[in-house]
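Reviewing the structure listed below.
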Amino acid sequence: MNSTPPTSPVTRVSDGSFPSISNNSKGFAYRQPQKHKSNFAYSHLVSPVEEPTAKFSEAFQTDYSSKAPVATSEAHLKNDLDVLFTTPRFYSPENLALMFRLSNTVSSLEFLDEFLMGILLAPEMDFLSNPSYSLPSNKLVGQGSYSYVYPISSSASSRCNNDSGVVLKFAKSQHKSKVILQEALTLAYLQYMSPSTNESHIIPFYGLTYITKSHFRRLRSNECVPGLILPKCEMSLYHFNTAVSHKLSLITKRKIWWRLMKQMIDALKSLKTNGIIHGDIKTANILITEMHVLNGGHCKDFDFYLADFTSAFHINQTPTDLNTTVEYCAPELIDSSSDHVPTFESDLYAVGLCLLSFISQHEPYNELQALVSHGSSPGIGSSSIQQSQWLINALLKKDPINLNMLRNDLFQDWKSELALLSRILVDRLPLENLITILDSNYI
């Protein structure tokens, strides 16, 4: 487990679908992978998102049609997948074949490598074969335990400062490449099953490329690491809560809260339809599109997207370890009598805590922990072990609303919202029942 603050790529989301370019792009076309017909047990499920494929940035309207494809990144990816599958953490070849519904095709495992290459790689944005792409060394967007996030600069871009409108989330070192590849497999799968991620509010995935020390000098001379091409967003919900929310009127904040609720429920619905558990939902992993705060405490509409799938896994394969954030854990994930494996229910619980943080403008239990610590209560000490034990004890009380709403005025101002959160965090209402309530009473 971890208790780290924001690690997601804070970048602008474009209405995108993997891996597709607008028909208006000049001489630039991605191949949209075709779904394989199958009698797989879940083939009747229908994605909540059915939209035309989306647009890429105008920066990538470069004509490569006359050039033969360069397989540089492809060779590295094939080798890395072979290594990944020898000791799979989340995805085995057999599991992936089932997920992508290849199990009833002839020699599905033999076809799997070729299939994965087709849905993962972004050949028109291959850093190893196209020198027009670079990573500005002075523009770090974010970083986590496994990765850095930098904007992609393109000399072919018509934008100012060669801004391409996308970012690269890449492994910090070669031995951390597995985590990035697992996230790429999850995002590619979600986008393959639901060709547009706009209405499902899951971060779009534009493909994978490899970089070396020539692109990022902190890498070792012999390292070649994978990176995810993702769209830009304005900020994370964590940043919104700490730096923007206080500037807005209560009416505006309540409107945004309901928008956040609906869009995260849409994301959870899409994940459950496709059998994916996120495993680390928190305010730092919910990204916000371009937002403009207006005079009078108002702001223009914007959207939320669920991001950072480094802990995600498919229900057909149980993860070998738990890598999540303690503050956002459902009680059963830390209870000694449970299996400690994230579920659809624990994902919904984490979304509930994100919505609670939106109201309190504090991370879960952070305000109470600071208050107790400063009051020299015997229940909490200064050591990290004592603080962690205090946090675990607070989680096991199963009273998140009262332990996080420390101002009386919040109960009055957010009465209906807190009543709904009580159904999520205390009654532990299933997602389907929550959707029914929202459809009939709130939306």
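Quick reminder: no glycine exception, Cβ is built from N, Cα and C everywhere.
Note that the coordinates shown come from a computational prediction; the quantities given were computed from them, not determined experimentally.
What Swiss-Prot records for 135-415 is domain 'Protein kinase', and it gives sequence analysis as the kind of evidence. What Swiss-Prot records for Val141, Gly142, Gln143, Gly144, Ser145, Tyr146, Ser147, Tyr148, Val149, Lys169 is ATP binding site, and it gives sequence analysis as the kind of evidence. Marked as active site, proton acceptor by Swiss-Prot on the basis of sequence analysis: Asp280.
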Sparsest Cβ surroundings (other CB atoms within 10 Å) among the binding-site residues Val141, Val149: Val141
Rounded to the nearest Å - Cα separation of the residue listed as 'active site, proton acceptor' and Val149 (ATP binding site): 18
Site extent for ATP, whole Å (max Cα pair distance, Val141, Gly142, Gln143, Gly144, Ser145, Tyr146, Ser147, Tyr148, Val149, Lys169): 14
Among Gln143, Ser147, which are binding-site residues, the residue with the most C-beta atoms within 10 angstroms of its C-beta: Ser147
C-beta crowding around Asp280 (active site, proton acceptor), within 10 angstroms: 26
Ser145 (ATP binding site): tally of other CB atoms within 10 A of its CB: 12
DSSP-derived class (H/G/I helix, E/B strand, else coil) of Val141 (ATP binding site): coil
Per-residue pLDDT averaged over the domain 'Protein kinase' (135-415), given as an integer: 90
